[in-house]
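Annotated transmembrane segment per TrEMBL: 28-51, 63-88, 100-122, 134-152, 207-228, 240-267, 273-293, in sequence order. Annotation comment: TrEMBL describes 43-294 as domain 'G-protein coupled receptors family 1 profile'.
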Amino acid sequence: METANSSNILASTFYLTGIPGYEEFHHWISIPFCLLYLVGIMGNCTILHIVRTDPRLHEPMYYFLAMLSLTDMGMSLPTMISLFRVLWSISREIQFNTCVVQMFFIHTFSFTESSVLLAMALDRYVAICHPLRYATILTPTLITKIGIAALLRSALPVIPNVAQLAFFPFCHSHTLSHSYCLHQDVICLACADTKFNVIYGLVRITLLWGMDSLGIFVSYVFILHSVLKISSQEGRFKALNTCASHICAVLILYVPMMGLSIVHRFAKHSSPLIHIFMAHIYLLVPPVLNPIIYSVRTKQIRQGILHLLSPLKLSSSLM
């Protein structure tokens, strides 16, 4: 009976991996990770605060930007505790239930971010192609519905994959190749037929990312068609300039996401450092860079940040 209990405990526990071969430097490696997480959290919280408190930013474009900030934080925060537990040598263990919850949030918010980027592309399409109807088409009610639909559309397809893991035995290695749980990583350790999970996961990714990327592409085809009709070069440049931040956000999400999927499926025997490097880029780069890009490229956000900092400057000068 005691052996069976210990076997069940083992089967419900996974072991996370930091940076293999650099274990003695984990404490030093944690410093840049800590800085990146702080920059990402502070940047996204600043954008959320500015959009919430500045009445001038109560417009569809900024509501979608707030959604992007929320999904960025939802994608990176679930990994933060487990990453620092590994790097600070607190514990490498993660319970199966915690692992499943973590991977659910990571995959759900990564798909939600893709959906939000599609919504932002539609926002740019309406703003450029139908400017006079912008406020009447993208009402607050419609924006709320789009946000709820994006979250449900992303969460529901993830459930079958993570739910089926509860029925798989893990009888061999329990060591994951990352410092957090990804479905494609956990499924490799199962001692069962995982064909459904692999095929379903591939179809899910292809459909969700494929539909979103196709929608973004079609939106920009119409945007370019409309912009080319503008007579003045200055007008064309101004219209396209409003899309620059969104295009950067799309590339920041899709390039690492595609790279991680390709590495996991077609480069399984490559160096573990490549897998770890791609996985951390996938989760850390969008939350860190998106607030910076929108702060630099968007005048209203930049003014909001300066307005937020001005009371701090005033109080410091009085002291």
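Cβ from N, Cα, C; glycine included.
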Are the transmembrane segment (100-122) and the transmembrane segment (240-267) near each other by the rule of at least 3 C-beta pairs under 8 angstroms (pairs 6 or more apart)?
yes
Using a threshold of three or more Cβ pairs below 8 Å, and leaving out pairs closer than 6 in sequence, do the transmembrane segment (28-51) and the transmembrane segment (207-228) count as in contact?
no
Maximum Cβ pairs under 8 Å to the transmembrane segment (134-152) - stretch from the list 28-51, 63-88, 100-122, 273-293:
100-122
Distant-in-sequence neighbours of the transmembrane segment (100-122), which means Cβ under 8 A and at least six residues beyond its ends:
61, 64-65, 67-68, 71-72, 74-75, 78-79, 82, 94, 146-147, 149-151, 153-155, 157-159, 161-162, 165-166, 180-183, 186, 208-209, 211-213, 215-216, 219-220, 246, 249-250, 253-254, 257, 282-283, 286
For the transmembrane segment (63-88), could you work out the same-chain residues 6 or more beyond its ends whose Cβ comes under 8 Å from its Cβ atoms?
16-18, 26-27, 29-30, 33-34, 37, 40-41, 44-45, 47-48, 51-52, 94, 101-102, 105-106, 108-110, 112-113, 116-117, 119-120, 123, 140, 143, 147, 150, 179-181, 249, 283-284, 286-287, 290-291, 294, 298, 301
Let me know the model's mean pLDDT on the domain 'G-protein coupled receptors family 1 profile' (43-294).
87
